[in-house]
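Data first, discussion second: the structure below is written as C-alpha cells.
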Amino acid sequence: MSQQDAVAALSERLLVAAYKGQTENVVQLINKGARVAVTKHGRTPLHLAANKGHLPVVQILLKAGCDLDVQDDGDQTALHRATVVGNTEIIAALIHEGCALDRQDKDGNTALHEASWHGFSQSAKLLIKAGANVLAKNKAGNTALHLACQNSHSQSTRVLLLAGSRADLKNNAGDTCLHVAARYNHLSIIRLLLTAFCSVHEKNQAGDTALHVAAALNHKKVAKILLEAGADTTIVNNAGQTPLETARYHNNPEVALLLTKAPQVLRFSRGRSLRKKRERLKEERRAQSVPRDEVAQSKGSVSAGDTPSSEQAVARKEEAREEFLSASPEPRAKDDRRRKSRPKVSAFSDPTPPADQQPGHQKNLHAHNHPKKRNRHRCSSPPPPHEFRAYQLYTLYRGKDGKVMQAPINGCRCEPLINKLENQLEATVEEIKAELGSVQDKMNTKLGQMENKTQHQMRVLDKLMVERLSAERTECLNRLQQHSDTEKHEGEKRQISLVDELKTWCMLKIQNLEQKLSGDSRACRAKSTPSTCESSTGVDQLVVTAGPAAASDSSPPVVRPKEKALNSTATQRLQQELSSSDCTGSRLRNVKVQTALLPMNEAARSDQQAGPCVNRGTQTKKSGKSGPTRHRAQQPAASSTCGQPPPATGSEQTGPHIRDTSQALELTQYFFEAVSTQMEKWYERKIEEARSQANQKAQQDKATLKEHIKSLEEELAKLRTRVQKEN
C-alpha cells in the first residue's frame, strides 16, 4: 500500500469521525497526517461537524488550520451549514476565527438568509453583531427580512428591523415585506411591519398593493388591518382593478363587503373611550325603549292589541333610530358585527343602506339575545310582509268567494321593499351614469390617440412620398445624364473611327501615287540609252533614297530624256487619281488647275523651297518621311551647282524630276488641307446633331417625368382623401 493510498484512507476516516463527532479519532487521524478530503457533495469535515453540532470537533479542526470558507457543491460554507441548524456555539466559534459572513451560495443566500428563513433569531443576532449585511439580497431579490416575513418568524423580523433592515425593499417581483406577509396571511408580521412605518401603498410589478393581495386571496383580517392602517381602496393595479374589483373577480364576498364598508371601518378603527361607548349605548337603549305591545311586535309575536297607533309609534321610533344611526355609525357597525342571522349579501351587489332595511327585522335581531333564539333565527329568513297576520284598524270587504276580508288602512306593507328597490334602482342608475362617463372619457382618449396616430402616419406618408419623388427625380436626371454621356462617347468613338479610316484611305492613295510615280520613272530609265544608265541610276538613288551614294560626288547627274513628256504624263495621272476620289471638293479641283498652269519660274522657286514645304505641309508619316529624304537628295545637287558648274546635260535632266516631286508634294498638301477642313465641318455637323438629339431626348424625358410626378401627386391626394374619409 503506497503512501498516497494511506493518506487517502486516513482522510476518509477523518470524514467519518468528524461526521460522528469522535473527538479522539479526529485528533489521532490529524496527528497521523490525514488531509482534508471531501464527500461526493464537496463537503469537508468542517462542514459535517458544523452541521451535526459537534463543537469539540469543530474547535479541533479550526486549531488544525482547516479552511473556513471552503464551499461545497451548493456553494455553502461551514457557516451556512451551522446556521441551517441554528447552532449558536459553532456560529460563534466560526465568527471568532474570522470566517466570511456574506458569502453566498448558489441561490444567493447568505448565512443571515438561512437564519431568517429557519427562524433562528439568536443566530441572526450573532451574525448581525458580527457585521453581516442586513440588506443583502439573494438571486430572487429577497432580503433576510423577506424570508422571515414569509415564514412568520416574528422574533427574527423584530431583530432584523432593529438592526436596520428596510421593510420597503422590493424583490425581483416588486414585492415588499408587507406584500409577502399579506400573501401568507401573517397578521403578527403585518402588525410588526406597520409599527416600523412600512408603506401600505407600495406596488409590485403587477401594480398590486398589499390590499390587492389580501383581497385576491380572501384574507379578511389582513384587509381589515390594512384598512385600519390607512390603505387606499382606490388604487388601481395594472389590470385596472381596485381591491374591491379584485375581490369580486376572485369571488371573495367577505372581503368585498368589508371593502365596500371601508369608510365605516376607518371610522370604527379610530380611538374610542369607554365613556363614549356607554353614552352611545344609553342613547341606543333609550331609542329602543318602546311599550310592551310594540316590543312583542318587534319580537315577531302576534297579539290582538295591535292598533294603527302602535304601528305609527313604531314607525316614528324607527325613523328616530335611523337618524341616530346616521349620526353615529359606530353602534351600527357593532350591531353588524354582532348579529349573525343576517342574510348573506353578494359581493357583486351594493350594500343596502341602513334606512332601507326592514325595521321589524332589526328589532328581532336586537331583541333576541338568547343563544337558542339566535341560532333559530340564524337559519330562518324573515317571513314576507304579506304573511303577517295584521290585527289593526282595517276596512272590511268581500272577496270573490263572498268571504269577508280586511285590508289595512295605512297602505300595504310592501312599501319598505318598494322604497328599497327604488333606492337600489337609483344607485344603479348613478353607477351606470358614472360608468358611461368613464367609458366616454376612455373613448375620447382613444379617439384622440387614434387621431394623433393617423396624423403622424399622414406626416410619415408625406415625407415618404416627398423622398420617393426626389429620389425618382434624381434617378431620372442621372439616367438622362448617363444617356447623354454614352451618346457623346459613342459619337466621339464614331468620329475617331471615321478619322482613322480616312487617314488610312489617304495613306493608301498616297502610296498608290508614289508607286505609280516610281513605276513611271523606272520605265523612263529602261527606255534611256546604255551610255546614260549609270548616271540615271545615280540620279534615281539620289532622288528616291538618302544612301551613301548621295554623299559621293564622283558620278555627275545625268538628265533623263523626254522629261517634259514624263512631267506632263505624271501630272495628268495625279490629277486623274485625285479627281477620282469621292471626298474632294471644288476647292481641291481649283487647286489642281492652278498647279497645272503654274509657270516655270514658280516651279523653280518652289524647288528651292521644297524642303520647308515638306516639313510644314505633310500631316502623315509617309509624307513626313519623304520630305527629309528628298531634301537630302536635293542638297548634293545644290552643292554641285554652287561648287563647280555641272555639265549642261545634268542640269537639264535633274530639273524636271525635282519639279515633278515638288508639284506632287504641293498637291498632297493642298489635298490634306481640303480634307481636314471638310472633316472639321463634318465633325461640327455631327456634334450639333448629337447635341440636338440629346436636347430632344432630355425634353422628352423631362415631359415624361413631369407626367409621372403629376400621377404620383394625384395618387397622394387620393390617399389623403381616403384616410380623411376613414377617420
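Going from the start of the chain as shown, residues are counted 1 onward.
Cβ atoms here come from the backbone N, Cα and C positions, even for glycine.
Predicted, not measured: the structure shown is a model, and the values here were computed from it.
When pLDDT values are averaged over the repeat 'ANK 1' (9-38), the model yields 76. The repeat 'ANK 1' annotation in Swiss-Prot covers 9-38.
Taken from Swiss-Prot, the feature repeat 'ANK 2' covers 41-70. Panel annotation: around the repeat 'ANK 2' (41-70), residues 14-15, 17-19, 21-23, 26-27, 30, 76-79, 81-82, 84-85, 87, 89-90, 93-94, 97-100, 103 of the same chain, lying at least six beyond its termini, place a Cβ under 8 Å from a Cβ of the stretch.
With a cut-off of 8 Å between Cβ atoms, the residues of this chain six or more beyond the repeat 'ANK 3' (74-103) that come close are 41-44, 46-47, 49-51, 53, 55, 58-59, 62, 68, 109-112, 114-115, 118, 120, 122-123, 126-127, 130-133, 136. Summarising the annotation, Swiss-Prot assigns repeat 'ANK 3' to 74-103.
Taken from Swiss-Prot, the feature repeat 'ANK 4' covers 107-136. With DSSP classes pooled into helix, strand and coil, the tally for the repeat 'ANK 4' (107-136) is 18 helix, 0 strand, 12 coil.
Annotation comment: Swiss-Prot describes 140-169 as repeat 'ANK 5'. Residues 107-108, 110, 112-113, 115-121, 124-125, 128, 134, 175-178, 180-181, 184, 186, 188-189, 192-193, 196-199, 202 of the same chain sit 6 or more residues outside the repeat 'ANK 5' (140-169) yet have a Cβ under 8 Å from a Cβ within it.
Sequence-distant contacts of the repeat 'ANK 6' (173-202) (same chain, at least 6 residues past either end, Cβ-Cβ under 8 Å): 141, 145-146, 148-150, 152, 154, 157-158, 161, 167, 208-211, 213-214, 217, 219, 221-222, 225-226, 229-232, 235. Annotated repeat 'ANK 6' per Swiss-Prot: 173-202, in sequence order.
What Swiss-Prot records for 206-235 is repeat 'ANK 7'. Same-chain residues lying 6 or more positions outside the repeat 'ANK 7' (206-235) and placing a CB less than 8 Å from one of its CB atoms are 174, 176, 178-179, 181-183, 185, 187, 190-191, 194, 200, 241-244, 246-247, 249-250, 252, 254-256, 258-259, 262, 265-266, 269.
The repeat 'ANK 8' annotation in Swiss-Prot covers 239-268.
Swiss-Prot lists 277-386 (among others) with the feature region 'Disordered'.
The compositional bias 'Basic and acidic residues' feature in Swiss-Prot is assigned to 280-296 (among others).
The compositional bias 'Polar residues' annotation in Swiss-Prot covers 298-312 (among others).
According to Swiss-Prot, the compositional bias 'Basic and acidic residues' annotation covers 314-324 (among others).
What Swiss-Prot records for 363-379 (among others) is compositional bias 'Basic residues'.
As annotated by Swiss-Prot, coiled coil applies to 417-446 (among others).
Taken from Swiss-Prot, the feature region 'Disordered' applies to 548-586 (among others).
What Swiss-Prot lists as compositional bias 'Low complexity' is 548-557.
Residues 77, 79-80, 83-84, 86-88, 91-92, 95, 101, 142-145, 147-148, 150-151, 153, 155-156, 158-160, 163-166, 169 of the same chain lie 6+ residues outside the repeat 'ANK 4' (107-136) yet bring a C-beta within less than 8 angstroms of a C-beta in it. DSSP assignment over the repeat 'ANK 1' (9-38) gives 22 helix, 0 strand, 8 coil. Counted with DSSP, the repeat 'ANK 8' (239-268) comes out as 22 helix, 0 strand, 8 coil.
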